[in-house]
Amino acid sequence: MPTKLDCSNYHFQIKNRKALGLGQRRRVMESTFKEITNGDSVLDIKDKCGVGGGVEDMYGEDRATEDQTITPWTFSVASGYSLLRDPHYNKGLAFTEAERDAHYIRGLLPPAVSSQELQEKKVMHNLRQYQVPLQRYMAMMDLQERNERLFYKLLIDNVEELLPVVYTPTVGEACQKYGSIFRRPQGLFISLKEKGKILEVLKNWPEKTIQVIVVTDGERILGLGDLGCQGMGIPVGKLSLYTSLGGVRPSVCLPITIDVGTNNQKLLDDEFYIGLKQKRATGQEYAELLEEFMSAVKQNYGEKVLIQFEDFANHNAFDLLAKYRTTHLVFNDDIQGTASVVLAGLIASLKLLGGTLADHTFLFLGAGEAGTGIAEIIALEITKKTSVPLEKARNKIWLVDSKGLIISSRVESLQHFKKPWAHEHEPVKELLDAVKAIKPTVLIGTSGVGKTFTKEVVEAMASLNPKPLIMALSNPTSQAECTAEEAYTWSKGHAIFSSGSPFDPFEFEGRTFVSGQANNAYVFPGFGLGIIMSGTIRVHDDMLLAASEALAAEVTEEDYLKGRIYPPFTNIRKISANIAAAVAAKAYELGLTTRLPRPNDLVKYAESCMYTPVYRTYR
């Protein structure tokens, strides 16, 4: 059992970091958010401290419980027809003869007894018969609602094939059509109708011990815009990856959609739309609902529940993260997760590009939450490695938005999160002209607009650099700034390319290029596991840097020979364990953890905490 931490001892630890020598070994790199919140840091702990660490595994879901027999409890011992309808415990034809007798399911199943491996083979065969990706998505969601362990077994064993099915790009289409394909709830819907009683709504969720919440308000789903309540597909998909890729137990995951209306007129006119049919609430009404939600989550689930903000529009995403980062355990995957995974690719690419990060010049197309988040973490990493001031490190990074290059003459009209990137320069309107003027070695696309890295832009990058690094990160595939084929062809095979959505290997002049996918799924599952297993109560920027460096270290020489700057997803569980260990180690160093004493081998401990979907034996 985890060791509980006395609050007085915890605050003693916080106050005496310097005495422990930690003050000299780390820099407080709280970046833009300190600048816009009067210098508040996540190290300045507010509210009550967390106690304990980890959560008791009542379902027998992690590796440490794999060989134990368990009792299939619901409110009573599940048996008979109810057992076959409970996705936590249902094994279908894999129930043994003894289990069929002991749990009163004799005759409710055909006489054949199948292994989980045979079930997996059958389901994969059936999935491959579908020609339409959305049909595969729906089949996978049906399986998750029917047999949870088999769903995750499929996803873990066939991750490269099924990841595009349960997440990008297919999840984008699923969200667009969510009203038509909706069958049964997979999370909580909290709308304006629930204002004043959100705590009661949270108590309606059957699981009482929650460690990770992924929440969206549906205003900026991928590159598809405002999908309102139908954005629920994103939290559901993200949490399935927390479990399959990061080993976070499904019983402690909760998807939530906050419905404040939608400005998408097509949805408002759709008779099958499942959300509130009204324009989006804004201002005080919106802020009050979010405040009630955040307070209710902490009241119901405690200090250590990780709240991941997902696909909020820029104007809310930065404000919410800045507001709650010192009082709650919060993480924005679009800002911080994207930044961490892209930084990992940049660190790994240095073996191909040469030099250090500080030697390169970065140009972004797109200055929203993803673009500015990536830019900031690059500047933080440069500061960490070179000890130059953060403001000077930012000078290596340039951003282009819809009005052109972000420069100091525009500073008065810029949103607050863009202002740190306003450098001295003449006005430049077009991306191609910005490439020629700035002469970047790295071009990063986070615009959400497809086909913006034109042939002329890529050729300009290739003329300026022997190996231009081009990252077309917008999702889904239709919104990618360019394709792998275009990047390799237009650069005559010289580009190092990565993208947000997957692309097939491409052959050019006798060489096969395997482009890397800068997918957030590399980082956030392991990042979340590291936070949970250490009982961390705040997210600090240094933990994101640790995750990036751990991911970059997983790229092998074989990957580099193929042109990849990310490792294959087939190794993702091992990668996630190493990221979790690195994140936990940094959290321990910062004094932000509540699971004491620290495990001696954090990688081994992370692996032991991971959910495994193999069937258990029922007594």
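Just so you know, glycine gets a Cβ as well, placed from its N, Cα and C.
Now, the feature entries from TrEMBL:
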type: ACT_SITE; residues: Y167; note: active site, proton donor
type: ACT_SITE; residues: K238; note: active site, proton acceptor
type: BINDING; residues: R220, N475, N519; note: (S)-malate binding site
type: BINDING; residues: E310, D311, D334; note: divalent metal cation binding site
type: DOMAIN; residues: 144-325; note: domain 'Malic enzyme N-terminal'
type: DOMAIN; residues: 335-588; note: domain 'Malic enzyme NAD-binding'
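All chains included, 24 other C-beta atoms sit within 10 angstroms of the C-beta of R220 ((S)-malate binding site). Using a 10 Å Cα-Cα cut-off from the residue listed as 'active site, proton acceptor', the recorded positions that qualify among Y167, R220, E310, D311, D334 are Y167, E310.
Reported as a whole number, the C-alpha separation between D311 (divalent metal cation binding site) and Y167 (active site, proton donor) equals 14 Å. Of all the binding-site residues listed here (N475, N519), the one with the fewest other CB atoms within 10 A of its own CB is N475. Here E310 (divalent metal cation binding site) is positioned 15 angstrom away from N519 ((S)-malate binding site), judged by their C-alpha atoms. Long-range Cβ contacts of D334 (divalent metal cation binding site) within its own chain (separation 6+, distance under 8 Å): F309, E310, D311, F312, A317, E369, A370, G373. Residues E310, D311, D334 make up the record's divalent metal cation site, and a Cβ search at 8 Å around their centroid adds T216, R220, I221, I234, F309, F312, A317, N332, D333 from the same chain. The CA atom of R220 ((S)-malate binding site) is located 16 Å away from the CA atom of Y167 (active site, proton donor). Within the same chain, residues at least six positions away from the residue listed as 'active site, proton donor' with a Cβ under 8 Å of its Cβ are G237, K238, S240, L241, A521. Around the Cβ of the residue listed as 'active site, proton acceptor', the number of neighbouring Cβ atoms within 10 Å comes to 27.
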